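One structure is given below, encoded as C-alpha coordinates.
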Amino acid sequence: MELLLLSNSTLPGKAWLEHALPLIANQLNGRRSAVFIPFAGVTQTWDEYTDKTAEVLAPLGVNVTGIHRVADPLAAIEKAEIIIVGGGNTFQLLKESRERGLLAPVADRVKRGALYIGWSAGANLACPTIRTTNDMPIVDPNGFDALDLFPLQINPHFTNALPEGHKGETREQRIRELLVVAPELTVIGLPEGNWIQVSNGQAVLGGPNTTWVFKAGEEAVALEAGHRF
(Lines of atoms letter the chains of each structure in order from A and count residues from 1; the text may use other names and numbers.)
(Lines give C-alpha, C1' and ligand atoms only; values in the text may rest on other atoms or scores of the structure.)
Protein backbone atom coordinates (compact mmCIF):
# COMPACT_ATOMS: atom_id res chain seq x y z
CA MET A 1 0.00 0.00 0.00
CA GLU A 2 0.96 3.61 -0.52
CA LEU A 3 -0.04 6.02 2.26
CA LEU A 4 0.96 9.55 3.23
CA LEU A 5 -0.44 10.39 6.66
CA LEU A 6 0.20 13.97 7.74
CA SER A 7 -0.33 15.36 11.22
CA ASN A 8 -1.54 18.70 9.86
CA SER A 9 -1.97 20.83 6.77
CA THR A 10 -0.34 24.13 7.72
CA LEU A 11 2.92 25.17 9.38
CA PRO A 12 3.82 28.64 10.69
CA GLY A 13 5.21 30.83 7.94
CA LYS A 14 4.17 28.45 5.18
CA ALA A 15 1.20 28.30 2.85
CA TRP A 16 -1.49 25.66 3.21
CA LEU A 17 -0.03 22.19 2.44
CA GLU A 18 3.26 23.78 1.37
CA HIS A 19 5.37 21.51 3.57
CA ALA A 20 3.58 18.45 2.18
CA LEU A 21 3.94 19.18 -1.54
CA PRO A 22 7.45 17.70 -1.94
CA LEU A 23 6.30 14.55 -0.15
CA ILE A 24 3.23 14.25 -2.35
CA ALA A 25 5.25 14.86 -5.51
CA ASN A 26 7.74 12.18 -4.50
CA GLN A 27 5.02 9.59 -3.95
CA LEU A 28 2.87 10.21 -7.03
CA ASN A 29 4.83 7.86 -9.30
CA GLY A 30 2.89 8.97 -12.35
CA ARG A 31 -0.51 9.07 -10.68
CA ARG A 32 -2.61 12.06 -11.73
CA SER A 33 -6.32 11.32 -11.20
CA ALA A 34 -7.52 12.07 -7.65
CA VAL A 35 -10.78 12.05 -5.76
CA PHE A 36 -11.03 14.33 -2.76
CA ILE A 37 -13.19 13.48 0.24
CA PRO A 38 -14.06 16.84 1.87
CA PHE A 39 -16.56 15.66 4.46
CA ALA A 40 -14.46 16.74 7.45
CA GLY A 41 -15.04 20.33 6.41
CA VAL A 42 -17.57 22.04 8.68
CA THR A 43 -16.88 25.78 8.65
CA GLN A 44 -16.00 25.72 4.96
CA THR A 45 -18.22 24.24 2.27
CA TRP A 46 -17.21 21.04 0.56
CA ASP A 47 -16.99 22.93 -2.73
CA GLU A 48 -14.64 25.49 -1.19
CA TYR A 49 -12.49 22.75 0.34
CA THR A 50 -12.31 20.82 -2.92
CA ASP A 51 -11.44 23.89 -4.97
CA LYS A 52 -8.70 24.88 -2.54
CA THR A 53 -7.19 21.40 -2.68
CA ALA A 54 -7.38 21.25 -6.46
CA GLU A 55 -5.64 24.62 -6.77
CA VAL A 56 -2.75 23.61 -4.51
CA LEU A 57 -2.17 20.28 -6.25
CA ALA A 58 -2.58 21.50 -9.83
CA PRO A 59 1.13 22.44 -10.18
CA LEU A 60 1.96 18.78 -9.50
CA GLY A 61 -0.23 17.73 -12.41
CA VAL A 62 -2.88 16.22 -10.14
CA ASN A 63 -6.49 16.51 -11.30
CA VAL A 64 -8.79 16.66 -8.25
CA THR A 65 -12.50 15.79 -8.30
CA GLY A 66 -14.69 16.21 -5.21
CA ILE A 67 -16.40 12.95 -4.36
CA HIS A 68 -19.58 14.88 -3.44
CA ARG A 69 -19.83 16.26 -6.98
CA VAL A 70 -19.93 12.99 -8.92
CA ALA A 71 -23.05 11.05 -9.86
CA ASP A 72 -21.47 7.68 -9.05
CA PRO A 73 -19.02 7.97 -6.12
CA LEU A 74 -18.17 4.27 -6.13
CA ALA A 75 -17.20 4.38 -9.79
CA ALA A 76 -15.11 7.49 -9.13
CA ILE A 77 -13.25 5.72 -6.33
CA GLU A 78 -12.63 2.71 -8.55
CA LYS A 79 -11.14 4.90 -11.29
CA ALA A 80 -9.08 7.09 -8.97
CA GLU A 81 -5.32 6.75 -8.80
CA ILE A 82 -5.17 8.95 -5.69
CA ILE A 83 -7.62 9.24 -2.79
CA ILE A 84 -7.21 12.40 -0.73
CA VAL A 85 -8.98 12.91 2.60
CA GLY A 86 -8.87 16.37 4.13
CA GLY A 87 -8.79 17.35 7.77
CA GLY A 88 -11.48 18.99 9.84
CA ASN A 89 -13.93 17.18 12.09
CA THR A 90 -13.22 13.46 12.18
CA PHE A 91 -16.68 12.51 13.43
CA GLN A 92 -18.42 14.21 10.54
CA LEU A 93 -15.90 12.72 8.10
CA LEU A 94 -16.58 9.19 9.33
CA LYS A 95 -20.34 9.70 9.49
CA GLU A 96 -20.62 10.96 5.92
CA SER A 97 -18.23 8.34 4.58
CA ARG A 98 -20.08 5.52 6.32
CA GLU A 99 -23.55 6.71 5.32
CA ARG A 100 -22.47 6.95 1.68
CA GLY A 101 -20.98 3.46 1.72
CA LEU A 102 -17.46 4.67 0.95
CA LEU A 103 -15.34 3.03 3.65
CA ALA A 104 -14.96 -0.44 2.17
CA PRO A 105 -14.52 0.78 -1.44
CA VAL A 106 -11.84 3.28 -0.41
CA ALA A 107 -9.94 0.69 1.62
CA ASP A 108 -10.16 -1.83 -1.21
CA ARG A 109 -8.98 0.66 -3.83
CA VAL A 110 -5.98 1.68 -1.74
CA LYS A 111 -5.05 -1.95 -1.17
CA ARG A 112 -5.10 -2.38 -4.96
CA GLY A 113 -2.71 0.44 -5.66
CA ALA A 114 -4.30 3.86 -5.20
CA LEU A 115 -2.24 6.36 -3.21
CA TYR A 116 -3.96 7.51 0.00
CA ILE A 117 -3.16 11.01 1.24
CA GLY A 118 -4.73 12.22 4.48
CA TRP A 119 -4.02 15.03 6.89
CA SER A 120 -5.30 15.39 10.46
CA ALA A 121 -8.79 13.83 10.33
CA GLY A 122 -7.76 12.18 7.08
CA ALA A 123 -4.87 10.51 8.89
CA ASN A 124 -7.24 9.41 11.66
CA LEU A 125 -9.55 7.82 9.09
CA ALA A 126 -6.72 5.60 7.84
CA CYS A 127 -6.33 4.05 11.32
CA PRO A 128 -8.30 1.07 12.65
CA THR A 129 -10.61 3.48 14.50
CA ILE A 130 -10.98 7.23 15.08
CA ARG A 131 -10.65 6.85 18.85
CA THR A 132 -7.49 8.98 18.94
CA THR A 133 -8.92 12.06 17.25
CA ASN A 134 -8.78 15.37 19.10
CA ASP A 135 -12.12 16.51 17.71
CA MET A 136 -15.41 17.26 19.42
CA PRO A 137 -18.07 14.63 18.61
CA ILE A 138 -20.43 17.05 16.86
CA VAL A 139 -22.25 14.19 15.11
CA ASP A 140 -22.74 10.48 15.79
CA PRO A 141 -20.81 8.39 13.23
CA ASN A 142 -22.56 5.18 14.33
CA GLY A 143 -19.35 3.57 15.52
CA PHE A 144 -15.67 4.43 15.53
CA ASP A 145 -14.28 1.80 13.15
CA ALA A 146 -12.48 3.39 10.22
CA LEU A 147 -10.46 2.29 7.17
CA ASP A 148 -7.85 0.17 9.00
CA LEU A 149 -5.21 0.86 6.35
CA PHE A 150 -2.54 1.66 8.95
CA PRO A 151 -2.42 -0.76 11.90
CA LEU A 152 -1.63 1.72 14.68
CA GLN A 153 -3.65 4.59 16.13
CA ILE A 154 -2.49 8.12 15.27
CA ASN A 155 -3.07 11.15 17.44
CA PRO A 156 -2.44 14.09 15.08
CA HIS A 157 -1.40 17.57 16.24
CA PHE A 158 0.22 15.87 19.24
CA THR A 159 1.53 18.14 21.97
CA ASN A 160 1.81 17.59 25.69
CA ALA A 161 2.01 21.29 26.48
CA LEU A 162 -0.59 23.04 28.62
CA PRO A 163 -1.16 26.79 28.87
CA GLU A 164 -0.01 28.27 32.16
CA GLY A 165 -2.71 27.85 34.78
CA HIS A 166 -4.71 25.36 32.72
CA LYS A 167 -6.01 22.48 34.86
CA GLY A 168 -7.24 20.13 32.16
CA GLU A 169 -5.58 16.88 31.19
CA THR A 170 -2.50 16.71 28.99
CA ARG A 171 -2.74 14.88 25.70
CA GLU A 172 -0.73 12.01 27.16
CA GLN A 173 -3.21 11.71 30.02
CA ARG A 174 -6.06 11.47 27.51
CA ILE A 175 -4.21 8.78 25.59
CA ARG A 176 -3.51 6.90 28.83
CA GLU A 177 -7.24 6.91 29.55
CA LEU A 178 -7.83 5.20 26.22
CA LEU A 179 -5.15 2.61 26.93
CA VAL A 180 -6.82 1.69 30.22
CA VAL A 181 -9.99 0.63 28.42
CA ALA A 182 -8.25 -0.58 25.24
CA PRO A 183 -4.82 -1.86 26.32
CA GLU A 184 -4.34 -3.70 23.04
CA LEU A 185 -3.87 -0.43 21.14
CA THR A 186 -0.65 1.35 20.25
CA VAL A 187 -0.95 5.12 19.85
CA ILE A 188 1.41 7.34 17.91
CA GLY A 189 1.52 10.93 19.12
CA LEU A 190 2.33 12.65 15.81
CA PRO A 191 3.27 16.31 16.31
CA GLU A 192 2.55 19.01 13.78
CA GLY A 193 5.02 19.03 10.91
CA ASN A 194 5.49 15.26 11.05
CA TRP A 195 4.14 12.47 8.87
CA ILE A 196 4.15 8.73 8.27
CA GLN A 197 4.89 7.53 4.76
CA VAL A 198 4.04 3.97 3.74
CA SER A 199 5.55 2.59 0.55
CA ASN A 200 6.62 -0.86 -0.62
CA GLY A 201 5.56 -2.41 2.65
CA GLN A 202 7.61 -0.02 4.79
CA ALA A 203 6.18 2.64 7.12
CA VAL A 204 8.69 5.41 7.81
CA LEU A 205 8.42 8.39 10.15
CA GLY A 206 9.28 11.83 8.80
CA GLY A 207 9.43 15.38 10.08
CA PRO A 208 11.52 17.62 12.32
CA ASN A 209 9.90 16.89 15.68
CA THR A 210 10.00 14.07 18.19
CA THR A 211 7.14 11.61 17.84
CA TRP A 212 5.91 9.59 20.81
CA VAL A 213 4.61 6.04 21.01
CA PHE A 214 2.27 5.02 23.82
CA LYS A 215 1.45 1.49 24.96
CA ALA A 216 -0.46 0.31 28.01
CA GLY A 217 1.75 -0.24 31.05
CA GLU A 218 4.87 1.16 29.38
CA GLU A 219 6.72 4.45 29.38
CA ALA A 220 6.30 6.59 26.28
CA VAL A 221 9.01 6.01 23.67
CA ALA A 222 10.50 8.87 21.66
CA LEU A 223 11.00 8.36 17.93
CA GLU A 224 12.82 10.52 15.40
CA ALA A 225 12.64 10.88 11.63
CA GLY A 226 13.69 7.76 9.78
CA HIS A 227 12.18 5.33 12.28
CA ARG A 228 10.58 2.32 10.60
CA PHE A 229 7.42 0.95 12.17
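Each Cβ is built from the backbone N, Cα and C atoms, and glycine gets one as well.
Note that the structure is predicted; figures quoted are calculated from it, not measured.
For reference, Swiss-Prot has these:
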| type | residues | note |
| --- | --- | --- |
| ACT_SITE | Ser120 | active site, charge relay system |
| ACT_SITE | Asp135 | active site, charge relay system |
| ACT_SITE | His157 | active site, charge relay system |
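Cα separation, Asp135 (active site, charge relay system) to Ser120 (active site, charge relay system), rounded: 10 Å. In this structure, the C-alpha atom of His157 (active site, charge relay system) lies 7 angstrom from that of Ser120 (active site, charge relay system).
Counting only residues at least six positions away in the same chain, the Cβ atoms of Leu6, Ser7, Asn8, Ser9, Ala40, Gly86, Gly87, Gly88, Thr90, Pro156, His157 sit under 8 Å from the Cβ of Ser120 (active site, charge relay system).
Look at His157 (active site, charge relay system): DSSP puts it in coil.
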